[in-house]
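The following features are taken from TrEMBL:
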type	residues	note
TRANSMEM	44-61	transmembrane segment
DOMAIN	76-133	domain 'Homeobox'
DNA_BIND	78-134	DNA-binding region
DOMAIN	136-337	domain 'TLC'
TRANSMEM	145-165	transmembrane segment
TRANSMEM	185-206	transmembrane segment
TRANSMEM	268-287	transmembrane segment
TRANSMEM	307-329	transmembrane segment
REGION	347-370	region 'Disordered'
Amino acid sequence: MDRLEELVNQWIWRQDFWLPPGVTWKDIAEGTADGSRFPVPRDLLISLPLALSFIALRFVFERVVALPLSRCLGVRDRVRLRVTPVPKLEVFYLQKKQQPSQNDLLVLEKLCGLSQHQIQSWLRHRRNQDRPSSTRKFCEASWRFVFYLVAFSAALVSLVQTPWFWDHRECWRGYPRQAVTEAQFWYYIVELAFYLSLLLCVSVDIKRKDFKEQIIHHIATIFLIAFSYCANYVRVGTLVMLVHDSADFLLESAKMFNYAGWRKTCDALFVVFAAVFLVTRLVVFPYRIVYTAVVDSLDVFPPYPGYYFLNGLLLVLQALHVFWAWLILRMVHKFIFLGKVERDERSDEESEADEEEEEEGGEEEHTWEQKKGAFNTKLASLANNCVLNNLTNQRRKMNSKTPKAR
């Protein structure tokens with residue numbers, strides 16, 4: 001085991017890359033020789049089985065807790081009719097789930113013997129059939145809400161008593177010989193395991209508008225947690241995780257009430273979430289946490305490769321914050337001028353907007369059929385009137401030519 005750890009430290013956790021000049025892994029261990037915990041790369045291996053445990057716990061939670069809760073709050077799923085099976089269209093749908101091009105429609109028209117309008121209607125209803133239900137989205141949001149709320153509450157109680165919570169320059173006092181408390185250790189392990197579980201479940205979770213940005217966020221967060229722990233940047237790392245958890249549980253709670261149809265509660269939670277998100281992600285995070293990692297740390301050590309790696313990840317997160325803040329501000333604009341939150345621009349807009357488009361398409365199709373039927377009826381009525389008028393005129397002409405009796 002020691003030999004394996006030595007090889008990992010030599011090829012992956014190279015101290016000349018990850019640590020400041022003149023600092024070694026032994027320096028970190030010697031700084032906590034009084035028996036307290038110090039960070040070691042192998043500690044992170046605990047997060048792997050814990051991530052699998054989170055997946056299993058989520059499976060049980062969504063069925064035992066979230067599902068009954070959704071029924072109590074009044075979550076209702078839309079009834080979606082199943083389309084008539086058409087094998088060739090089904091193959092096309094599974095291969096290309098986006099809108100068909102004109103060439104695709106021409107090919108499918110010859111293969112299936114259906115009109116282009118019928119093909120578009122079938123594909124539209126087939127996509128609608130695969131959309132996630134409100135209950136499924138509620139269960140997913142409730143699981144994340146519970147985790148973020150518990151993690152934020154526990155971390156806040158633990159960190160509010162530390163000096164670096166109030167003065168961020170304390171994050172670097174005594175570095176690298178800084179002990180790691182049990183609370184900080186488990187906060188790191190639990191957060192890392194949770195984001196690993198999200199990354200492992202990304203293929204089965206609901207795909208939303210910001211799917212790619214969420215993948216980037218999860219990967220950057222995992223690397224940031226792992227690196228900051230091994231390099232003993234635990235103090236600044238705990239602040240980064242606390243800032244993110246502070247707004248996430250509000251977002252998930254707003255989603256839950258949105259799926260349940262509690263519009264006023266959802267709107268109120270959204271206002272609180274937007275305020276907390278904009279303050280923590282666009283003010284506290286860049287001007288306090290990123291600033292102390294970029295500027296205050298230079299008072300302790302000169303720039304080195306790990307310094308650029310850490311701050312690069314922080315800037316990636318900040319870029320994502322700006323992107324999500326733009327989506328939130330769009331929602332704020334709608335809330336002010338329309339008086340309600342239309343939908344979750346940050347995560348759920350794609351699925352909901354597409355669903356509304358499907359409904360509008362169905363309504364348009366139904367309206368067109370009604371108009372077409374009314375037009376045909378009116379046309380038939382006009383034709384009948386023309387025939388009757390012609391017959392009447394002919395009779396009048398015949399009567400006018402017939403000689404009168406004397």
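Glycine too: its Cβ is placed from the backbone N, Cα and C atoms.
Within the chain carrying the transmembrane segment (268-287), a Cβ under 8 angstroms from the stretch's Cβ atoms is held by residues 240, 243, 246-247, 250-251, 253-254, 257, 317-318, 321-322, 324-325, 328, 331-332, 335, 341, all 6 or more beyond its ends. Distant neighbours of the transmembrane segment (145-165): 61, 171, 181, 183-184, 187, 190-191, 194, 235-236, 238-239, 241-242, 245-246, 248-249, 252-253, 256; these residues of the same chain sit at least 6 beyond its ends, with a Cβ under 8 Å from one of its Cβ atoms. The average per-residue pLDDT of the prediction over the domain 'TLC' (136-337) is 89, rounded to a whole number. Across the range of the DNA-binding region (78-134), the DSSP-based residue counts are 35 helix, 0 strand, 22 coil.
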